[in-house]
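Report on the following structure.
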Amino acid sequence: MAEKTATLPEDRAGREVSQETPRPPRSVGLGGQIGKTTALAVTIALAVWAAFPLIERRLWVGLAIEVGVVAVVCYVYLSPRRVPMKYLLPGTLLLIAFQVVPVLYTVGTAVTNFGDGHRGSKDEAIIAIQTSSVSRVPGSTEYALSVATRGVPASDPLLFLLVDPAGAAFVGDSAGLRPLSGATVAGGRITAAEGYNLLGIGQSAARGAEITAFTVPTDRGAIRAQGISGAYEGQAGQLYDAGCDCVREAATGRQWRADDAEGAFVNEAGERLVQGWRVNVGLANFTRVVTDPTIAGPFAGILVWNLAFAAASALGTFALGLLCALALHSPRLRGRRIYQVLLILPYAMPSFAMLLIWRDIFNTDFGLLNRMLDLNVDWFGGTWSARVAVILVQLWLGYPYMFLVATGALQAIPKEVGEAAEMDGAGPWQRFRRVTLPLLLVALSPLLISSFAFNFNNFTAVYLTTEGAPFPADNSSAGGTDLLITYMFRLAFDAQGAQYGFAAAISVVIFTIVAIISAVTFRRTRAQEEVYS
Amino acid sequence: MRIRTAGVVAAMGLALAGAGCGSDSPSAEPSASAGAGGSLMIWADDKRTAALKPLVAKFGQELGVTIEVQAVSEELMPKFVTASQAGNPPDIMIGAHDWIGNLVQNGTIDPIQLTEAQRGAFAEIAIRGVTFNGQVQGVPYAVENLALFRNTELAPKAPGTLEELVATGKQIKQSGKATEILSMPVGQTGDAYHMYPLYTSGGGYLFGTKPDGGYDPKDVGVGNPASIAAFEKIRKLGEKGDGALKRSIGHENALSLFTGKKAPFMISGPWSIGDVKKAGISYEIEPIPGFAGGQPAQPFVGVQAFYVASKGKNKAIAQEFVANYVTKPELAKVLYDAEPRPPALTAAFDQVKGTDPDVVKIMDAGKGGAIMPAIPEMANVWDPFGKASAAIVGGAVVPSTVTAAGKSIKDKIK
């Protein structure tokens, strides 16, 4: 802001210069130059700041993209030419970053089994299996540990100085465990030893990863550190064998073979190890939507209700909002401002909180609605009453917005048009039906479509009120008020932990449905606009 | 004019382009690096964070490391798993033991090798709770389970059975002193956790047990004749029967019904004690009664524990902290003061016992309890079981509902 005011006089000077010269367009004022340079500098500074973590993690592709983007930005803005690109570039970059990349990422995820139990790579799964199978050898000794080196604590090879419960001291390294003489043992731990330098806590912390990985081989396994002051003799119960590409259990000889189609280690009985990895599953997630009877069965019914819900919400709020707008449009009405403010109030309240309050209002035994009207309706217990309730809530939450835009659009319609119709002998209804409404629709139909698309995926409206209930007694995954989005959310996240791959596939399906509906409606509105304009 | 506008547009465009560049590098957040003396990052929920902060600073000094506690108020477990996957987890996480299955299948935590003596310092059920695949996966600090809260003013006598409870409740309701018999959250989608004691008392079970004491995901008890019989009994308590269980009572109003003296009985856990005390009602905490002639009502026993992240940057120090400091009664006591859940450490429990009789009563109510299954398969049970129970409370036909729920659970487990 300060910069902007400072540039004003300079700009004026710049304009004067441009007025003197006959060909003005390309000379940029000093203020513009400063602004441009600052913005470019900030961009480059941000890019450099973001580059370090990328280099640190060796994400070369990300780095290449970043460098490329900065290069394009500099190329476009450092030259006085390429004016159209100057306007197009920011929008294009944002479009790519926030629309194209997420869509591609979603589609990419949809063909994998990415989700809980299948998050990382196969190597990570193997590491996880092996580390989690290391357990204490039964009946083995528990040692008190002091980590030491023979030389410089910060860099020389590590050694474990151990004391067993009987007080005997040992030194352990990769060659094994040997008795240690000349050690001072205090409080059950070695506090000093000849020829060894003990690591302090800070030094241990700095070399923590090495300490965790350090093992002293023994007959039955290896001595490993537990923290930095204790050690135990442990044994890996399950080991990966690259030869057979399988995990073998040492004690029983059982084997789990790697199944690269499933991303899991599976034994002959079909049992899996819990730690799996991420693999490409092709179109399996999409075919599951069609073939799985628990999904394919209720899908059509939910889609119909979803369309009805979105249409009812969009049209209902529009009708109610328009009604209020028309009523308040009359200049004869007193106290219009107060009414308008009152009508906008629901819009000003956070819908999150309002949805929860409405849920309580519809409660059978304790809800405000049943008590006030002395009813005994089990609102969320019956399919149709729950649906009515959900739409009523949406109506209440949504009509102020429609009221606002309809008021604006009504004011934009010239009075003359109405007066001309009146002169021609049209009644109030005819004037509204034949003149006002068509003119309104030209302005508002894109809003209606966007409202429809929004309500089609209105997750919170259902999830915070009914959670999809009521559920039929024999199917807990598809409820009476479930929209596709809540239904799919439950399938993908509630039951078996998060299944991102499947969720992504469903998002693609829903996206396709909404895109088709929107495209068709937009085409139809365009035709309508042509008729009226 | 034109030139100035162009300049402003260009500057704005560049600023936006800068934002665009930033978003091209999603992994640009600064990586946590260890300080000179080492540092530990702990993730916990709000309440525990507040309680831990001062104490942890003291331990940190003793240990010579900086310990930071960060509050993650929602979705702690999924956030931890996601951070682990991105290679940027905290060193330690605090949470419920039934998360262990998912934490292990994602390779996010390491087992902890406690010494025999350390193990022995804990209540046996707490260690059983954090044991998964034969390994101790976290260090427990508190146990919790459901119990029956009774308003002694309204119901002076402890009910011996559920039938007695209902009869007493009905009497109180008829006399107009209360409007409900029992406050137990069911809601539209059901609550398997609160339903479980009634279900076990009716003779049902969720998973059978393996010879080593762990739950057997192959043996699902939902849908078998015993589970149907159990739900028939539950249905009698529901809306079409005694009206003791109602879908209109959910998490949002269960507590206020009891504290508002509208219900003489409530089934809830130690987390409600604070509010009940604040409401100033005279209350008593007892084991949940079972059906007359049925099995005892077994509540789930949950364990709160500290976990060491397998991809943490300072694993050695984290293990040191968890194994040698969380096993000290001091820390358990502080966490207890933040929220009165019975400490898992026997020594800490004994300390608390003298000053807080409620904690002993909660612990007694959980004596016969079943440890909440930590196997990943349990995730498939909550939803179908809960919804079936809500439908049955609402009056649905029992055999088909329970059979369908059982089938849906078994289909998902495979």
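Even glycines carry a Cβ here, placed using N, Cα and C.
Keep in mind it's a predicted model, so treat the numbers as computed, not measured.
As annotated by TrEMBL, compositional bias 'Basic and acidic residues' applies to A:1-18.
What TrEMBL records for A:1-30 is region 'Disordered'.
If you look up TrEMBL, you'll see A:34-52 (among others) marked as transmembrane segment.
Residues of the same chain lying 6 or more positions beyond the ends of the transmembrane segment (A:58-78) and with a Cβ under 8 Å from any Cβ of it are 36, 40, 43-44, 47, 50-51, 85-86, 89, 93. Marked as transmembrane segment by TrEMBL: A:58-78 (among others).
What TrEMBL lists as transmembrane segment is A:87-105 (among others).
The annotation transmembrane segment is assigned in TrEMBL to A:303-326 (among others).
Among the features that TrEMBL reports, domain 'ABC transmembrane type-1' is placed at A:303-521.
Through the fold, the transmembrane segment (A:338-359) approaches residues 324, 328, 393, 396-397, 399-401, 403-404, 407, 460-461, 464-466 of its own chain, all at least 6 residues removed from its boundaries and within a Cβ separation under 8 Å. The feature transmembrane segment is assigned by TrEMBL to A:338-359 (among others).
The transmembrane segment annotation in TrEMBL covers A:379-399 (among others).
Taken from TrEMBL, the feature transmembrane segment applies to A:435-454 (among others). Counting only same-chain residues 6+ beyond the ends of the transmembrane segment (A:435-454), those with a CB under 8 A from a CB of the stretch are 310-311, 313-315, 317-318, 322, 398, 402, 405-406, 409-410, 412-413, 417-418, 421, 426, 514, 517-518, 521-522, 525, 528-529, 532-533.
Annotation comment: TrEMBL describes A:500-522 (among others) as transmembrane segment. Non-local neighbours of the transmembrane segment (A:500-522) in the same chain are 103, 106-107, 109-115, 118, 281, 285-286, 288-289, 303, 307, 446, 449, 452-453, 456-457, 484-485, 488-489, 491-493; each lies 6+ residues outside the stretch with a CB under 8 Å from one of its CB atoms.
Sequence-distant neighbours of the transmembrane segment (A:379-399) (same chain, 6+ residues past either end, Cβ-Cβ under 8 Å): 305, 309, 312-313, 316-317, 320-321, 324, 346-347, 351, 354-355, 358, 362-364, 367, 369-370, 451, 455, 458, 461-462, 465-466, 469-470, 480-481.
Residues 343, 387, 390-391, 394-395, 398-407, 410, 432, 440, 444, 448, 451-453, 455-456, 458, 461, 480-484, 513, 517 of the same chain lie 6 or more positions beyond the ends of the transmembrane segment (A:303-326) yet place their CB under 8 Å from a CB of it.
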